[in-house]
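According to TrEMBL, the features are:
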REGION    1-26  region 'Disordered'
TRANSMEM  37-57  transmembrane segment
TRANSMEM  77-105  transmembrane segment
TRANSMEM  136-161  transmembrane segment
TRANSMEM  182-206  transmembrane segment
TRANSMEM  226-247  transmembrane segment
TRANSMEM  267-284  transmembrane segment
TRANSMEM  304-333  transmembrane segment
DOMAIN    341-458  domain 'FAD-binding FR-type'
TRANSMEM  465-485  transmembrane segment
TRANSMEM  583-604  transmembrane segment
TRANSMEM  616-638  transmembrane segment
Amino acid sequence: MDEYETPLLSKEPSSPPPPPSSASSSSSSVVASSLKWVLKVVMSVIFVTWVVFLLMYPGTLGDQVLTKWRAVSSHTLFGTTGSMFLIFSGPILVISVLASLYLIISGEEKVFTKEKISKFPRFRLWTFPVLVDGPFGVVSAAELLGILVFSVFFLWAIYAYTLRNLNLLQYFHVLPEEKSILLLEVTGLRFGMIGLLCMVFLFLPVSRGSILLRLIDIPFEHATRYHVWLGHITMAFFSLHGLCYVVGWAIQGQLLEQIFEWKAKGIANLPGVISLVAGLLMWVTSLHTVRKHYFELFFYTHQIYIVFVVFLALHVGDFLFSIVAGGIFIFMLDRFLRFCQSRRTVDVISAKSLPCGTLELVLSKPPNMRYNALSFIFLQVRELSWLQWHPFSVSSSPLDGNHHVAVLIKVLGGWTAKLRDQLSNLYEAENQDQLISPQSYPKITTCVEGPYGHESPYHLGYENLVLVAGGIGITPFFAILSDILHRKRDGKACLPSKVLVVWAIKNSDELSLLSAIDIPSICPFFSKKLNLEIHIYVTRQSEPRLEDGMVHKVVHPSIKPKRTNGCSMSVLVGTGDNIWSGLYLVVSTIGFIGMITLLDIFYINKYNITTWWYKGLLFVVCMVASVLIFGGLVVVFWHRWGHKYKTGESEPNGNNKVNLNIEEPHNPSAAELKGLDIEEDVQSYTNIRYGTRPDFREIFESLNGKWGSVDVGVIVCGPATLQTTVAKEIRSHSIWRSANHPLFHFNSHSFDL
């Protein structure tokens, strides 16, 4: 095996070759690989069969398949509703269970090799930018394929349903004007069914710690765009559904009567109206302009998704609601786990402010919580708001320390300005510690959800990396650089040998962000192990200021807030332990199926319950109860397991708490570095240009000459305009076409709030 085939994430990278007696471990590896292959095949077959059925369903063939399935399964223990649930929602739950087993077999860390990457063209499909201009933003080849499939499905569904509607009218002997109204209402019914089929997938991308997203290695911040696309399409069809009925009722002169009708048997109109109004409110406030300028309005309005879902179940009953129940159930599992994790307050180990107005928070985390570079967390500060959660990129590497994680927060909006003021009050209080009573001492109480991100550290799979950032978008690249440097220093397997950072900033005071990472202290003599270049473009200054030479000096020293409860981040996160997250899913799913079965046997069938909306309500109650009862039981044991294995100081009361007296990484002074004969300094690998923007065509031409036809990974973190500009050049430039394993990845989770 050559150096490029070395596993990038081997836990003992420097260990000698295994002796012949390790044949049993090799046999176990073969068995694990075989099981994973079998699971992949089974999951692929189930998924393809399921999708093909959904695509066929609007046509006559799909209707015949469903009719035969119901004839076979409706007389079983699960009844008619169960037969619908099994064929529409069952496959995605089965795939989730198999995916959890797959991740458990894969282990906590995946093994990557350069040779392995080259064998899988899907890596190129997910990262190659095909469309860079248009309403969808930067679109990869795989995403374009998905868009085309959905577009063909919508056209096919409308065509197939139109033919079925025209054939259906032949069986009704009514007057011509009544036939028009009937056709309008039947068309509305078909639009509603297409909306339900879209809603099957709607909640899957926003399940942040979903096993499904981890299986295909699509992080939450990327998957949200699929939720946005599906949300627009779903609400468009639901709106057409409602409009057709409203027009038909208005023509008949029964508009108000029909709107307020709540039938016991059949479709209940009023719950449908309430659900549609809630959906329209979420849709309008989620439009890009509203979301950009009135984010809090978007955030709070989106919480009425509960009204939307519950009244949809009341509107269509359990029979039709079971079509979309699978995706909603997976979302509920994720939401409950996030709720449990976010209840714990997390200690802030240290905090400091930089001259550019950026804040750095170092948060306590348990040593058994894993994350990758390019991860992000959702942060709540209770002194500022009990409702607002804001996402921030992680600026620290998993190798920086086992007990902490760091984030950089740029002060731009109202919430971040309040956070800066709170930290200023803490700094002043530290200087007047003896003069302030404990009751009036400023506090900072944080809660955390996450971390979320890629399942595997893909940045380690390329010999050459180009990191393009705009402003605060440099934050996740600090984590990447730290990760690479730690691996180079410790002799761990790491493919990147050349890294180019292109950073565009408005003013030179943002250069102080570089103080967040001290490259020479992480990896002395790093230039012998890594060819690193940092090109900085200061766009709104034509020349440097006098103080630019002191950009690494912080305004205040690090603040260490008063000890609160000694707690670190909770391990209750979907991206955490594979065994516990898989057990949480399996137990909750079995509990839900069991509750539905018992409800049918001992209540619905026994007492002949036939009211549609009531059965829909009972269905939702069973979903919620199974998550709270069965999932909650697993969460309790998961929490106790995490507490048992949490390391730290033992408090006098016997509680095992995390030690908050964690030393911050020591950044050697210039004299210390000189004493170590370290020649590298910031100027040796940093090039700052004033009054200009990066010319990516020129940059890529230069790289083509220096690097040639080699592996190239390009990661972009910044505004949409920056992503589009870089994607255009990558798509058209020869360095992309000649690269063996090209990667284009953009991060959208470095938000300025």
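Counting starts with 1 at the first residue shown.
Here the Cβ of each residue, glycine as well, is placed from N, Cα and C on the backbone.
Outside the transmembrane segment (267-284) by six or more residues, the chain places 231-232, 235, 238-239, 241-242, 245, 258-261, 290, 301-302, 304-305, 307-309, 311-312, 314-317, 612-613 with a CB less than 8 A from a CB of the stretch.
By number of Cβ pairs under 8 Å, the transmembrane segment (37-57) is matched best by 77-105 from the list 77-105, 304-333, 616-638.
Sequence-remote contacts of a segment are chain residues at least 6 beyond its ends whose Cβ falls under 8 Å from one of its Cβ atoms, and for the transmembrane segment (583-604) they are 77-79, 81-82, 85, 93, 96-97, 100, 211, 329, 333, 337, 615, 618-619, 622-623, 625-627, 629-631, 633-635, 638.
Taking every recorded stretch in 77-105, 182-206, 304-333, 465-485 and counting its Cβ pairs under 8 Å to the transmembrane segment (616-638), the highest total belongs to 304-333. When averaged over the domain 'FAD-binding FR-type' (341-458), pLDDT in the model lands at 83.
Only residues 6 or more beyond the boundaries of the transmembrane segment (77-105), in the same chain, are considered here, and those with a CB under 8 A from a CB of the stretch are 32, 35-36, 39-40, 42-43, 46-47, 49-50, 53-54, 66, 69-70, 200, 204, 210-212, 214-215, 318-320, 322-327, 329-330, 578-579, 581-582, 585-586, 589, 596-597, 600-601, 605, 615, 619. Note: the stretches the transmembrane segment (226-247) and the transmembrane segment (465-485) are not in contact (fewer than 3 CB pairs below 8 A, sequence gap of 6 or more). Under 8 Å from some Cβ of the transmembrane segment (304-333) lie the Cβ atoms of residues 80-82, 84-85, 88-93, 96, 196-197, 199-204, 206-207, 210, 212, 267-269, 271-272, 274-275, 278-279, 281-282, 584-585, 588-589, 592, 612-613, 615-620, 623-624, 627, 631, all in the same chain and six or more residues away from its ends. Under DSSP, residues within the domain 'FAD-binding FR-type' (341-458) fall into helix, strand and coil as 30 helix, 40 strand, 48 coil.
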